[in-house]
Amino acid sequence: MPVLVVNVDHVATLRQQRMGKEPEPVTAAHLAELAGARGIIVHLREDRRHIQDRDVEMIAATLNTRMHLEMAGTPEMREIALRINPHIVCLVPEKREELTTEGGLVVAGREKELAAYLAPIHARGIRSSLFIEADPAQIRAARNVGSEYVELHTGHFADAATQDEMRRERDKIVRGVELARTLGLKVNLGHGLNYTNIYEFKNVSGISEYSIGHSIVSRAVLTGMEKAVAQMAAIIATFSE
């Protein structure tokens, strides 16, 4: 059965608006765990716009489930990953001017570079994932890098303006899941998924994890973190394996 991993970046976004001490993303991570999240995601961006180094360190030290560290493929971030020892490192592209991650990592043509970058991480026993588009060339390239997981970008599906466009994007993702599984990769989905559109994947098999943050944090503002996480976890519990 697929599981829910919760991204707490936007708890930190709210805190950083006032450069204060609350809301505390570490507390949010613990509440998400108590409510049924099977893992916590933090994206430590190079510009530190939301999650800070102390957040990563404290969550890594106190979490009872798994911590996923999203990061750009830079020497600094690799050094942090090797110090923190998260369960999984997920490489994502970054642009300074973007509000959020806008697309998948380009892997095709960079297999040797990315494999070399990840080698010390793998040697430490840390698993890796690549955040990519549901594109056959990128999925095949990801296998050659040696990552155990891919996370397929669902943002274009979530942002679709029409039902036809949404259906096309969904079908592309489903084909991507099937190809990745055929190649021996574990598959996660993430970006823009919410309490409504996630049902489009209810009967899709082969998905290991759903990575969800913004919609859960948005609901948590109104209902509380535990209730928001529990509601999403209950939805995913009905999905195909």
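Note: Cβ is positioned from N, Cα and C throughout, glycine not excepted.
Taken from Swiss-Prot, the feature active site, proton acceptor applies to His43, Glu70, supported by sequence analysis. Positions annotated as active site, proton donor by Swiss-Prot, on the basis of sequence analysis: His191. The 3-amino-2-oxopropyl phosphate binding site annotation in Swiss-Prot covers Asn7, Arg18, Gly192, Gly213, His214. What Swiss-Prot lists as 1-deoxy-D-xylulose 5-phosphate binding site is Asp9, His10, Arg45, His50, Thr100. Summarising the annotation, Swiss-Prot assigns site 'Transition state stabilizer' to Glu151 and lists sequence analysis as the type of evidence.
Between the recorded positions Arg45, His50, His191, His191 has the most other Cβ atoms inside 10 Å of its own Cβ, all protein chains included.
Long-range Cβ proximity for Asp9 (1-deoxy-D-xylulose 5-phosphate binding site), meaning a same-chain Cβ under 8 A and a gap of 6 or more residues, is found for Pro25, Ile41, Val42, His43, His50, Ile51, Gly213. Comparing the binding-site residues Gly192, Gly213 by how many other C-beta atoms lie within 10 angstroms of each C-beta, the top residue is Gly213.
In this structure, Arg18 is the one among the recorded positions His10, Arg18, His43, His214 with the smallest number of other Cβ atoms inside 10 Å of its Cβ. Nothing from the recorded positions Arg45, Glu70, Glu151 places its Cα within 10 Å of the Cα belonging to His214 (3-amino-2-oxopropyl phosphate binding site). Cβ-based crowding with a 10 Å cutoff singles out Glu151 as the top-ranked of the recorded positions Glu70, Glu151.
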